[in-house]
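What TrEMBL annotates here:
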REGION    19-38  region 'Disordered'
DOMAIN    96-329  domain 'SET'
BINDING   Arg271, Asp289, Tyr303, Tyr328, Tyr340  substrate binding site
BINDING   Arg271, Asn292, His293  S-adenosyl-L-methionine binding site
Amino acid sequence: MAEASRILHTTLIPNFSTPTHKTPCCSPRSLSHPTTSHYYSRRTTTLVRCSISTAGDAARTATAANSTIPWGCDVDSLENASALQKWLSDSGLPPQKMAIERVEVGERGLVALKNIRKGEKLLFLPPSLFITADSDWSCAEAGEVLKRNGVPDWPLLATYLISEASLMKSSRWSNYISALPRQPYSLLYCKPCILGFFPTASLCHFRTRSELDKYLEASQIRERAIERINNVTGTYNDLRLRIFSQYPDLFPEEVFNMETFKWSFGILFSRLVRLPSMDGRVALVPWADMLNHSCEVDTFLDYDKSSKGVVFTTDRPYQPGEQVFISYGKKSNGELLLSYGFVPREGTNPRDSVQLSLSLKKSDKCYKEKFEALRRHGLSASQCYPVQITGWPLELMAYAYLAVSPPSMNGKFDEMAAAASNKTTSKKDIRYPEIEEQALQFILDSCESSISKYSKFIQQSGSMDLDVTSPKQLNRKLFLKQLAVDICTSERRILFRSQYILRRKLRDIRSGELKALNLFDGFRKLFK
């Protein structure tokens, strides 16, 4: 697995030109079934949504709900590991000090075969073993169509992965694809709910919208999960409408459908890596993507120009039999759950954060003016800001100033809104001492409101009715419940710390005001 969340910049699939001809191609094998609707696609800093639906969507959804991905293996399986290692060695991977084994953290990982020193460079995968947007397609015509229509890297790579997987042994990547998980650990990989066309999570995650609402109701990661799911389903539907339906010989619907796209995007989210030394190119890097994450290491994958391969430099020594780790990036526990399907132990992730929701009060006499100021700077009446154990961003404080500011400060509304936005380079560290106390109290109230939601969920989680009879289903539900409790406990911990800091700040302000008042009363009595 490799760093992914920070590299998915928003990408909007452009309006593709209407094709004037259809080109026959190699015939991929019949696999699974198509599914649903919605459109949401991405481009850097641009967001577009619209709705697409067809008469056949409900039928497709019902059919796809029972389909499975025919390639790959179980997430903890080693059945294809030796074939992958042999293929990589035959293809140019130098002898390694690590091997794929079952591990306690991550189910599969790379384990040291020999002593590994701190500062040692490992891997050395050549570019010929990467999958990038420039990789050659086994079905060259399909790749040409997508590139001619300007499809961005992420959906292009997702389509490429499906195309190569569908060819089974005919693809040069077959040994790699057969070693990929059939059901990626991601909140994205999902099976659709027939009612509402809502795709949800995998074997160990959320299968229905009601499960997502039930288990993640207290965490803001729920909204992120919904957004990501909508993004992927919308991207697929846009491709289906504009390209796949126009070239059915190249992109048969029994191969290129919602189910296979959820699988391919699940693989990308959990395994795609950005290589800074290759101009930020994104790539799937076989073998290297078997490395698991640890919050205690800072080393990451990159291209080494001198050795001409992907490497990472260890920041600690490893003994034979120890699992070797890298960092997936400075991510919160919620982001790790969203992309990779796990939550680090409470207190072990120094980059953990929680999204705190703040909202203007509609009863505010200046609600309309404040809302307009926010809108001018790309914000809405309700905003979420990341809060860490060490504090909160300046933008959050600026939003709080705006929320509590009286009508007499209407000349400052635009300045506050600008500082509350992360889309501006204007000064963010603004101070308004006259409303400092009210702003801190506003943040504290929002913080305590969130804490109560987390506490309610955690208290109720002990008595949740799992309502299952199958042992396998019970295990999935118990695991799902534990993930939800872990993320809520982790995020509540940060809010508790913020609550403590806010109360101390308010106490200091109020005690200072009381001292000043007492001093003033003393002077008044003296002069009497």
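Including glycine, each Cβ sits where the backbone N, Cα and C put it.
Any TrEMBL annotation is an automated prediction that lacks curation.
Shown on the structure are the features that TrEMBL records.
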residue : record                               : Cβ neighbours (10 Å)
Arg271  : substrate binding site               : 25
Asp289  : substrate binding site               : 22
Asn292  : S-adenosyl-L-methionine binding site : 19
His293  : S-adenosyl-L-methionine binding site : 23
Tyr303  : substrate binding site               : 21
Tyr328  : substrate binding site               : 25
Tyr340  : substrate binding site               : 24
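The average pLDDT computed for the domain 'SET' (96-329) is 87.
The binding residues for substrate are recorded as Arg271, Asp289, Tyr303, Tyr328, Tyr340; their greatest pairwise CA distance is 23 Å. Between the CA atoms of Asn292 (S-adenosyl-L-methionine binding site) and Tyr328 (substrate binding site) there is a gap of 8 Å, rounded to the nearest whole number. Across the fold, the C-alpha of Arg271 (substrate binding site) and the C-alpha of His293 (S-adenosyl-L-methionine binding site) stand 11 Å from each other.
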